[in-house]
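Q: Next up is a structure, given as structure tokens.
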Amino acid sequence: MSQLRRTRSLLQSKGTGNSSSAGSSSSTAVAPKGHFAVYTREGQRFVLPIGYLKSNIFVELLRRSEEEFGLPVGNRPITLPCDAASLEHVVASLKRILSENLTPNPSILQLDCKEVDVSWWPHARPREAWARGRSAAMDDEVNELHSTPPTPPRSPVAAVQLHSPSLNSWSPLPLPQQETEETVVSILTELHSIPPTPPRSPVAAVQLHSPSLNSWSPLPLPQQETEETEVSILTELHSIPPTPPRPTASPPSSKLHSPSLSRSPLLAPSTPRAETAELHSVPPTPRPPASATSRTPRTPRTPRFMRTPLGSPMRKAIVSMRGYLEDLGHLTKLDPREAWLPITESRNGNAYYSAFHTLSSGIGFQALVLPLAFAFLGWTWGILCLSIAFIWQLYTLWLLIQLHESVPGTRYSRYIQLATATFGPKLGNWIALFPILYLSAGTCMALIIVGGGSMKLFFSIVCGPTCESNPLTAIEWYLVFACLAAVLSQLPNLNSIAGISLVGSITAVSYCTLIWTISVSKGKQQGVSYDPVEGKSGVDRLLGVVNALGIIAFAFRGHNLVLEIQATMPSSLKHPSHVPMWRGVKAAYLIIALCLFPIAIGGFWAYGTLIPQNGILTALYAFHSKDTSRVLLGLTTLLVIINSLSCFQIYAMPVFDAIESAYTSKKNKPCPRLLRAVYRSLFAGGGFFVAVALPFLADVAGLLGGLSLPVTFAFPCFMWLLVKKPERYSAMWYINWALGSVGMALSAVLVMGGIWNVVKTGIDLRFFKPQG
């Protein structure tokens with residue numbers, strides 16, 4: 001015991017001797033020794049014991065404060081993201097928990113600090129469990145610290161430096177400013193010169209951190225030392241007058257310890273002793289104010305983290321390394337095989353690429369059928385349903401963009417990856433694999449039919465009625481389109497087709513504008529009617545409404561590609577990928593709205609219930625082929641062909657990625673170029689074969705579309721609930737549950753409607769007999 005008292009007296013004398021040189025940098029708003037000052041949102045000041053920094057709740061609060069208010073640089077105080085009532089409740093709960101040594105209930109500390117997650121609060125452990133980890137040791141140190149009655153401060157001291165600049169994070173318990181590295185090293189050097197006393201009782205192993213070795217070393221702690229004994233020792237220590245400072249030793253640079261480079265409060269020796277462990281549990285002693293003559297001149301341009309011998313070069317090394325890691329992608333653990341796959345091979349995308357891809361995939365031949373939906377719904381319900389669907393799918397698109405990096409260190413670069421991570425491998429593949437394949441491969445097959453048919457129409461317009469050449473058949477035009485698509489599909493990755501997507505975007509906007517402009521300029525057709533189509537029976541009327549809702553829902557597409565498009569963008573801590581992605585999506589969907597709404601409203605105004613089943617493009621040639629310039633008709637058809645070719649590339653890319661992913665997973669090497677060219681050509685040929693051999697698949701398009709509808713309207717809402725876990729009965733909780741449930745119900749209605757239509761009308765099983 002006398003050895004312990006002499007050691008602690010020596011520590012007090014060392015700390016007192018250095019107070020004059022370090023205390024000159026104290027700010028105007030000072031805190032008592034062993035305390036730190038924080039401010040709430042409304043500016044109320046709290047002075048709290050420094051031991052609270054060892055609790056994970058304050059570490060998390062400080063981390064959130066850094067994210068919301070920035071670093072406390074200069075005279076800026078530390079502001080916590082809570083109000084005064086919440087912080088008082090947290091402090092009261094901590095005092096009660098620490099005094100009673102109880103296991104805290106996480107719900108006690110959730111209060112109004114809604115962004116503070118305390119589910120990770122460590123459970124209280126007995127003193128014998130110190131050897132199990134650092135977190136348990138820190139909790140016991142807090143209990144021991146707060147069991148000691150506080151010593152009244154004898155003078156104001158400088159505010160404690162809480163932030164660790166070199167790590168850009170909050171340290172649980174850093175060194176006070178008055179403690180310099182030389183002082184600490186000299187204290188430890190003198191402590192180790194004291195011969196150890198024989199142990200008086202069995203000891204328990206303690207895990208004590210050694211900053212110099214960056215490892216944990218066992219340290220025996222006497223079990224018989226009670227808190228009352230420590231209190232008496234502290235009382236005796238404070239009664240000893242301070243001794244003059246002794247000359248500090250000059251240790252080698254490798255022994256220096258900078259508080260800005262470690263989370264440890266003190267430098268522990270390479271072979272710590274029992275006396276050192278007790279020193280770490282002693283609260284710091286207040287020091288008298290420093291004199292004005294001992295102030296060390298410092299230039300205002302010198303950062304705080306560069307005031308130590310190793311601060312400047314180490315700070316530069318850490319900043320450089322952290323910036324390098326951020327450039328790698330937000331410290332994301334990426335699969336090396338990702339660099340071999342078409343979607344993630346290139347990550348230099350930006351907001352412009354996002355807008356091009358989204359616009360090219362968002363406007364397609366489905367938009368040409370929108371006036372037909374108005375024929376079944378009428379003006380009021382047609383515009384209302386189209387507006388609701390637009391807002392709904394734009395919201396689910398925002399959800400997917402936010403979920404791309406919802407888990408730190410993980411990027412969900414594909415829709416199927418997010419589905420399996422959210423719903424589980426089995427359920428995710430079962431509910432999402434077929435819809436995604438249908439929306440990719442099925443759309444490519446439909447584009448072959450639309451593009452080949454448009455080629456045949458373009459040839460007939462250019463050739464004219466007096467053309468004597470023998471035109472190609474529909475199957476031959478399908479083959480021509482498939483060959484052109486196979487040639488363009490040889491571009492390696494998704495970013496490489498950004499130029500093609502730009503061309504597709506321009507052509508889509510152009511032909512949509514031309515079609516509705518020509519239709520409106522020609523005026524209404526004779527005998528046009530705007531009353532909803534009446535069926536022969538109530539069932540027929542209901543099927544017509546369901547069909548109209550399906551047309552509106554299918555007009556908005558591309559949700560199965562949004563995560564893939566975002567995966568082509570770089571992401572870092574300061575520049576996450578969702579920012580440029582959402583900026584590009586907003587611009588693209590503004591243009592999409594300016595195309596879809598005019599083509600639906602203008603087409604229905606011009607043709608009413610006379611609109612053909614194939615949409616407004618067929619109506620344009622049926623009603624205005626004689627009174628419209630052949631140049632405009634041919635240009636419109638050519639734009640449709642070019643847009644179909646560009647859309648084929650972006651919708652086929654997920655299929656190419658899945659094929660190459662299977663190859664790289666098996667061979668553990670990138671897919672050779674020759675093999676890539678072969679299977680991409682085979683995919684285009686397979687789409688041509690299905691379009692020609694199974695033309696009756698168009699009769700079950702409503703049934704298949706109903707199965708894929710949740711990808712756009714339902715699954716993103718449920719994914720948000722499972723991943724983000726919003727507060728129960730909150731606005732986001734209600735909105736996502738409601739939209740997800742309605743989306744699944746709408747999908748079920750469309751599926752039942754498709755089945756009923758197949759049962760009623762039947763399927764003409766014609767093979768190798770495409771229309772036209």
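Just so you know, glycine gets a Cβ as well, placed from its N, Cα and C.
Pulled from TrEMBL, these are the listed features:
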- 1-29: region 'Disordered' (REGION)
- 13-27: compositional bias 'Low complexity' (COMPBIAS)
- 238-308: region 'Disordered' (REGION)
- 241-250: compositional bias 'Pro residues' (COMPBIAS)
- 251-272: compositional bias 'Low complexity' (COMPBIAS)
- 290-308: compositional bias 'Low complexity' (COMPBIAS)
- 348-758: domain 'Amino acid transporter transmembrane' (DOMAIN)
- 368-395: transmembrane segment (TRANSMEM)
- 430-451: transmembrane segment (TRANSMEM)
- 472-491: transmembrane segment (TRANSMEM)
- 497-518: transmembrane segment (TRANSMEM)
- 587-611: transmembrane segment (TRANSMEM)
- 631-656: transmembrane segment (TRANSMEM)
- 677-697: transmembrane segment (TRANSMEM)
- 703-723: transmembrane segment (TRANSMEM)
- 735-759: transmembrane segment (TRANSMEM)
Q: Is it true that the transmembrane segment (631-656) and the transmembrane segment (497-518) have 3 or more Cβ pairs under 8 Å, skipping pairs fewer than 6 apart in sequence?
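A: Since 3 or more Cβ pairs under 8 Å link them, the transmembrane segment (631-656) and the transmembrane segment (497-518) do come into contact.
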Q: Please give the sequence-distant neighbours of the transmembrane segment (497-518): residues at least 6 beyond its ends with Cβ less than 8 Å from one of its Cβ atoms.
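A: Same-chain residues near the transmembrane segment (497-518) but 6 or more away: 349, 352-353, 355-357, 359-361, 363-364, 367-368, 488, 491, 588, 591, 595-596, 598-599, 602-603, 616-617, 620, 624, 628, 632, 635-636, 639-640, 642-643, 645-647, 649-650, 653.
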Q: Under a Cβ pair cut-off of under 8 Å, which of the recorded stretches 430-451, 472-491, 587-611, 677-697, 735-759 contacts the transmembrane segment (703-723) most often?
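A: Between the candidates 430-451, 472-491, 587-611, 677-697, 735-759, the best contact partner of the transmembrane segment (703-723) is 735-759.
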